[in-house]
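Heads up, the thing below is written out as structure tokens.
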């Protein structure tokens with residue numbers, strides 16, 4: 001009765017236009033519920049594991065399955081070539097008061113490049129990269145790079161294996177701040193961490209054939225492309241996955257989402273939205289359509305003609321830095337577009353940012369990393385088997401407030417059927433492990449404790 005009274009009071013407190021919109025939404029709901037039930041088919045619980053070949057030429061009869069140690073290296077010649085290219089850079093003049101609304105502001109770019117040229121020590125950063133053990137192994141014809149970090153041995157601690165996967169334009173280096181947190185025992189629980197480079201990124205060999213998408217590519221953790229890759233792993237081998245923790249959620253769009261968009265702003269509790277969901281979602285078109293149109297130009301280029309754009313950024317270190325670092329500005333916080341320096345150094349150091357850029361530059365992997373968009377977005381994602389398959393492993397979500405798009409728990413539950421934890425994080429954006437390693441580590445440990453007790 002109390003809820004009915006709240007519903008009545010809320011409805012009659014709306015304007016005439018809002019009442020009309022709500023009634024239309026209710027009519028759509030009533031007309032669509034039966035159709036939704038009729039067409040809701042039982043989904044398969046797994047997806048094919050796959051047995052591809054992405055190396056040069058025809059598939060070999062046998063493949064070397066050994067794991068080899070690897071070290072990041074550099075040379076004076078490599079650094080001299082970088083400096084020569086930087087010194088020949090031709091800059092465009094910025095617009096007055098353009099800030100970061102037109103992309104990377106060239107006035108601030110000159111300051112970043114000056115630091116890169118005269119103060120950044122790549123040899124020192126190579127030593128930092130080699131702080132953790134690196135390895136390579138052959139998988140379906142490709143040399144795949146990964147780091148493997150074991151925790152210090154202690155008595156009476158439970159060691160849990162976890163794989164964490166990066167996205168674009170990040171790299172395995174994104175996780176260097178969170179690795180010490182995950183490999184330190186907390187209440188008797190600690191992680192043994194494997195962090196691969198996606199094929200075509202950094203020190204992992206790129207595919208030599210078309211079609212290499214996330215389907216070809218423990219406990220699992222991922223954001224950006226890492227979210228899709230780890231989700232696919234949980235779909236392929238759910239019996240091997242104890243838990244899946246994500247900070248980016250790609251949920252299906254459908255009747256439930258449409259209904260919550262119509263009713264959510266007025267009566268959120270009826271469609272499973274919280275007040276915080278409403279604050280992050282609405283006004284929907286401004287936050288989820290217009291904002292994404294302003295920020296997704298790179299995506300359309302990389303999903304259609306990656307090799308064309310790659311010609312420029314693979315040849316110019318300054319062009320590469322602008323292309324990558326602009327994302328670390330706006331994806332950390334869209335408000336950074338209003339700043340002359342893009343707010344880059346509010347969350348990141350230039351040494352960390354340029355180390356990530358150098359991983360792309362020294363390996364010449366920017367073009368192959370961009371092709372991952374073409375291979376995944378070249379057709380309708382909703383028609384792929386993984387997007388039609390629900391996920392049943394225990395799942396946890398860390399919803400950071402400055403993520404590009406917010407996914408409410410009720411939306412996530414459409415695909416992820418066993419959500420054990422869902423946390424509204426107090427701060428942070430797209431690059432969670434790089435920006436807020438402590439917050440992400442805390443949420444990951446809390447999620448794992450729930451799963452281990454269940």
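Numbering starts at 1 and runs along the chain as it is shown here.
Here the Cβ of each residue, glycine as well, is placed from N, Cα and C on the backbone.
Keep in mind it's a predicted model, so treat the numbers as computed, not measured.
Looking at 20-39, 40-59, the stretch flagged in TrEMBL as transmembrane segment turns out to be 20-39. Long-range neighbours of residue 224 (active site, nucleophile) (same chain, six or more residues apart, CB within less than 8 Å of its CB): 166, 167, 168, 170, 248, 430. Candidate active-site residues: 373, 430. Fewest other C-beta atoms within 10 angstroms, 373.
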